[in-house]
Amino acid sequence: MTRQKRSHHRLKRAVAPYLYLSPSLLIIGLLMLLPMVTVIAYSFQNSAVLRRDPSFAGLKHYQAIFADPVFWASLWHTLYFTCMSVVFHMTIGMVFALMLNSDRINPTLRNILRVLYILPWLFTAVIIAVIWRLLLEPNGVVNSVLMQMGIIGSKVEWFSSPETALHAVTFANIWAGYPLFMVSLLAGLQGIPKDFYEAADIDGAKAYQKLIFITIPQLMPIIISISLLDFIWTMQVFPLIWITTGGGPIYSTEVLSTYTYKLAFSSYNLSQASASAVVILLISLGLTLFYIRYQKAR
Amino acid sequence: MAEVILENICKTYGNNFRAIDQLNLSVEDGEFLILVGPSGCGKSTALRMIAGLEDITSGSLRIGGVDVVDMPPKDRDIAMVFQSYALYPHMTVSENIAFSMRLAGKPKAERKKRVDEIAKTLQLTSLLDSKPANLSGGQRQRVAMGRAMVREPAAFLMDEPLSNLDAKLRVQMRAEITSLQKQLGVTTIYVTHDQIEAMTMGDRVAVLKGGVLQQVDTPKRLYESPVNAFVAGFIGSPSMNLFEATLKGGELVFRDFAIRLQDAAFAGRPGLRSYEGRKIVFGIRPEDLYDSSLESGRKYQTIPAKVTSIEELGSEHIVHLNIDAVRVDSGDPDAVDDFGLASNAVARFEPVSAVHSGSEIRLALDDAKFHFFDPETHLAI
């Protein structure tokens, strides 16, 4: 091989990986990076999108949204909605995974339960929202059952009352989201060597001690990974809240995503909406960096 | 410390598969008993039944005089070392060792004192804060031992604890476990499929096959006087050579040659004469076969053989041979690979032997070391 041929070959080898990566990089660049950068740019412009030559606004829109009490209410609702969802997703997912992994439950029943428990995962957000709107209607099944059981005295307007609306949407979201935890934890449980439990049996461990000293520490990597992902995803939930309550009544279920949407498409204040979107982006980015660092540390 | 007594222990699974059939074993206080057998013989099942990890279908099991059949594992006063060691990866060495004390609610100071004592015995002191993932195979093995020792149990149960180690380390750990057992004096039941471990470690060895106990004896007696062809083939490496022969006029007649039997062979085995004119299984160990061209082999009678291949191990030569006789299978499922394609016998020659692959030789047989088995029952004659 001549020197020229050899250097040509070397160049081809060096360039090849980037050629393979280029289609995906192009798509990500066009569909994700470009809009992201554009939104950031909008947040610093006056009358973004609406005017052909928007002027530079500095941090004006950020100051405006930070001065808006609805923004702070939305942030608080988002945190409540997200934290409650993640905690209960994990708790319910863990309980169901432990049940499905238990030898004490008949294998046929276990298979039936496995299908039943995973059902919420099969529905899209729109269907879940519709199901829960029907169930939680003042004349719906939930009210009727609770009244018959004597738990409530009169019909509760779950989605229409400011006191209950946020809890109701959170509840619906918990119901919709636990299967991810259940499936992940079940896979994790099945990967824990049986020897660990047998050794613990011989050492005299009770069931709760096996859970605390073996099961949970063994599942910890999954619990942390899925919790972080769930946190990132739940923070951005939009359709469920939009369809059930639309952020109301009186902003009581307003979350950052609905707040941003309304700024953009109800008030047509796209610049402020962009500033709000950037805030969501920064929070998500922080969590994502935390997640990546955790994954690297493992 | 206690004796462990198994009486008519049976284990039958749901599909009517009988894993253990009428197992009777008595392990003395402080004894080191090895349960050995080929894969699937039920040895691990037997151990797990003693530990309480498998139900006992029928029979009685007493540890230290107490019937433990219906007791959960934790009440049986035993400790077990698993093949995988079952060390908790999220706990340090110290936490792993102290785990049972922690479960029992023992105070921290007491736990630390006990862990330190054990770590000193097992030379783990410098590793107490390490996680199992950072330990070598041998160190993990010692931690598993430590976890068993911390409970000061009546009996140790060990399930193939050395099978995950490399060959060199296995030799070292074999010696360590044996001396530790002697030092602690705790009754120990040790399961292995490795007959070298069985021969070198135990006070007595119980050989199992297909869930049935074949023989319990000292390693020396198992080697010298196996009760049947299976034990003869299983104990010893390479395995005993077993051939079909006919006893005719005081001679063992093979296809194309015969071996004259000394009077001593008949004197020690009164039943042997009754096989006159009948088929018999003849057995001889590789170490009782000699190269007739060497001094060591000159005094014995010889038979013709062809060398098919040689493994030169330095201290000895393992010589694979073909002799004109029909080989008999001892019934050990794990031993089929002992013989090469063209060979049906193995001999262990001194390294000075000059035989080479393909050569026709005269093979000398030590006639004081012959073994005879019934061709039907495979029982020793």
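Every residue, even glycine, has its Cβ placed from backbone N, Cα and C.
What TrEMBL lists as domain 'ABC transmembrane type-1' is A:75-291.
For A:20-44 (among others), the entry in TrEMBL reads transmembrane segment.
Residues 110, 113-114, 117, 166, 169-170, 173-174, 177-186, 188-189, 211, 215, 219, 223, 226-227, 230-231, 234-235, 237, 241, 255 of the same chain lie 6 or more positions beyond the ends of the transmembrane segment (A:79-100) yet place their CB under 8 Å from a CB of it. Look at TrEMBL and you will find A:79-100 (among others) tagged as transmembrane segment.
For the transmembrane segment (A:112-135), same-chain residues at least 6 beyond its ends with a Cβ under 8 Å from one of its own Cβ atoms are 96, 99-100, 105, 141-142, 159, 168, 171-172, 175-180, 182-183, 237, 239-240, 243-244. As annotated by TrEMBL, transmembrane segment applies to A:112-135 (among others).
Within its own chain, the transmembrane segment (A:165-190) is flanked in space by residues 77, 80-81, 84-85, 88-90, 92-94, 96-98, 100-101, 117-121, 123, 125, 128-129, 132, 136, 158-159, 215, 218-219, 222-223, 226, 230, 234, 237, 240-241, 244-245, 248-249, 252-253, which lie at least six positions past its ends and keep a Cβ under 8 Å from the stretch. Feature annotation from TrEMBL assigns transmembrane segment to A:165-190 (among others).
Taken from TrEMBL, the feature transmembrane segment applies to A:211-233 (among others).
Distant neighbours of the transmembrane segment (A:273-292): 36, 39-40, 42-43, 48, 61-62, 64-65, 71, 225, 228-229, 231-232, 235-236, 256-257, 259-261, 263-264; these residues of the same chain sit at least 6 beyond its ends, with a Cβ under 8 Å from one of its Cβ atoms. The transmembrane segment annotation in TrEMBL covers A:273-292 (among others).
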